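Colleague: Taken from TrEMBL, the feature transmembrane segment applies to 6-24, 74-93, 191-217, 237-259, 297-314, 334-351, 422-453, 465-484, 505-527.
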Amino acid sequence: MFWLTEALPLSVTALLPGLMFPLFGIMTSKKVASAYFKDFHLLLIGVICLATSIEKWNLHKRIALRMVMTVGVNPAWLTLGFMSSTAFLSMWLSNTSTAAMVMPIVEAVAQQIISAEAEVEATQMTHFSGSINHGLETDEGVETNERKEKTIPVPGYSNDAGKISSKTELEKNSGTGTKYRTERDHMMCKLMCLCIAYSSTIGGLTTITGTSTNLIFAEHFNMRYPDCHCINFGSWFMLSFPAAIIILLLSWIWLQWLFLGFNFKEMFTCGKTKTAKQKACAEVIKQEYQKLGPMRYQEIVTLVLFAVMALLWFSRDPGFISGWSALFPKYPGFATDSTVALLIGILFFLIPAKRLTKTTPTGEIVAFDYSPLITWKEFQSFMPWDIAILVGGGFALADGCEESGLSKWIGNKLSPLGSLPVWLIILISSLLVTSLTEVASNPATITLLLPILSPLAEAIQVNPLYILIPSTLCTSFAFLLPVANPPNAIVFSYGHLKVIDMVKAGLGVNIVGVAVVMLGMSTWIGAMFDLSTYPSWAPPISNETMP
């Protein structure tokens, strides 16, 4: 109840098992304390080192702008470009920091489009009025501006040029409360905001480190089923990447149709002349990219370390071939994804970013020290200690459920669900998770449900992955409300959206997400893990119940 209502901060609530379990004789204080720091936390530390360097040296901004420039300036393709770059960044950075980074760029592009279109229309109207009657040019110009005063909420024009001032144009009109020239401009702003919020969440699905819910699931699963070596960075990417791509594309189509309409003929017309709006959009993106200058040494090193980390993650134990972990047959399971993350993370503190120099009394400039790619203070400012404690509390809670026998008791009580078709059980659990995550934080939701869903799968003799994978993916589908997750709140704060906009758009994306997950479980995901049989690594059915 405390997690759902946030009566206390989530992290403070997560400390309650450390207090309550010893008091009620469930676990010793020493044992419950050990649950608060796991392999997950070492992985998180390594990933945050990478994220700190990426953001410090502006590599994230370069990647985002480069990808958008590659896609083009057609409104629909531009939106897809922003969604693709945001999703890619969200695979490696936190969803929140990705949305916070990309939104200022998107806002700049949107405002540039609106102001450029206003100037073009004003110029065209002035030329049009002058070409009709040069003798009445002044009167026509005034009449034109008067007409625009009736149609544009806040006009601003120059007597000699007839151009609309973009600054005045974007100010709120006290009578109407609007700040858009046309309804289409408003719809475009809504579309871009929601695309960033949703794509940052969808991108986080694809990697274990992409979002905290994936990390929590991986740690819980590997602790509960240590004999199953099937969930690692490579296997998770292969199961979730196709789902994320499909959800991203369908969400793009849905949002485009909902706010601007979906004109296939206009989108796929080759060689079409760019409009003034498209040229303005391309120009602002190009200018933002040029401000970054040439790629610096620090960005190159960060990019290389980033690629090495991803390569080592993928190649550790891909599943379909032997990975580099097979080089150490005497120590199976010793090296994990956190080992790779820590190795690369420590390098960020060792590799010099720039030399520190000083001038000697003789006037000679000498190097006396160097500054690393990241400092400990910078790392601390990025490290989400609240998530670390929250996840630790979840592990402690799960251990308490196991020690007390509560997990088995719940599983046995839910065993009558075994009479239902498996697909229906998955659908019910997915819808339950998707609904709960709208009002509770994603980490709290997955932490709360994993100790319940695992015994359920065991009680009804279903492969635990069959229920846990869709439930984990659906935990991220918090698309309906501004308070559902931080990316939603960030884009909502820009003032373009109303709650009803997010509800309408998010409902469609939720349906798409659940449908794609259900499809994946019956196709490629089912084939990857042989979900049709109860595995040997899962515990046998137990008839024990609570006294």
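Along the chain as shown, the residues are counted starting at 1.
The backbone N, Cα and C atoms fix where each Cβ goes, and this holds for glycine too.
What does the local environment look like for each feature on the list?
Modeller: Note on the transmembrane segment (74-93): residues 47, 50-51, 54-55, 60, 63-65, 67-68, 99, 101-102, 106, 109, 188, 191-192, 195-196, 198-204, 206-207, 209-211, 244, 248, 251-252, 255-256, 260, 262-263, 266-267, 277-278, 281, 306, 310 of its chain, located 6 or more positions outside it, place their CB under 8 angstroms from a CB of the stretch.
Residues 40, 43-44, 47, 79, 82-84, 86-92, 94-96, 98-99, 102-103, 106, 109-110, 231-233, 236-237, 240-241, 243-244, 247-248, 251-252, 255-256, 258-260, 337, 341, 384, 387, 390-391, 394, 442-443, 445-447, 450, 468, 472-473, 475-479, 485, 487-488, 490-492, 494, 496-497, 501-502, 505-506, 509 of the same chain, all 6+ positions outside the transmembrane segment (191-217), place their C-beta atoms under 8 angstroms from a C-beta of that stretch.
Among residues of the same chain six or more beyond the transmembrane segment (505-527), those with a C-beta under 8 A of the stretch's C-beta atoms are 194, 198, 239, 242-243, 246-247, 250-251, 254-255, 258-259, 423, 426-427, 430-431, 434, 466, 469-470, 473-474, 477, 479-481, 484.
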Colleague: Near the transmembrane segment (297-314), which residues from the same chain, at least 6 beyond its ends, have a CB less than 8 A from one of its CBs?
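Modeller: Distant contacts of the transmembrane segment (297-314): 46, 50, 53-54, 57-59, 62, 92, 233-234, 237, 324, 337, 340-341, 343-344, 347-348, 351, 353-354, 373.
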Colleague: Quickly jot the same-chain residues contacting the transmembrane segment (422-453) by Cβ under 8 Å, restricted to those at least six beyond its ends, or write none.
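Modeller: Residues 3-4, 6, 10, 211-213, 216-217, 220, 387, 390-391, 393-394, 397-398, 401-402, 406-407, 410, 414, 460, 462, 464, 466-468, 470-472, 474-478, 480-481, 484-485, 510, 513-514, 517-518, 521-522.
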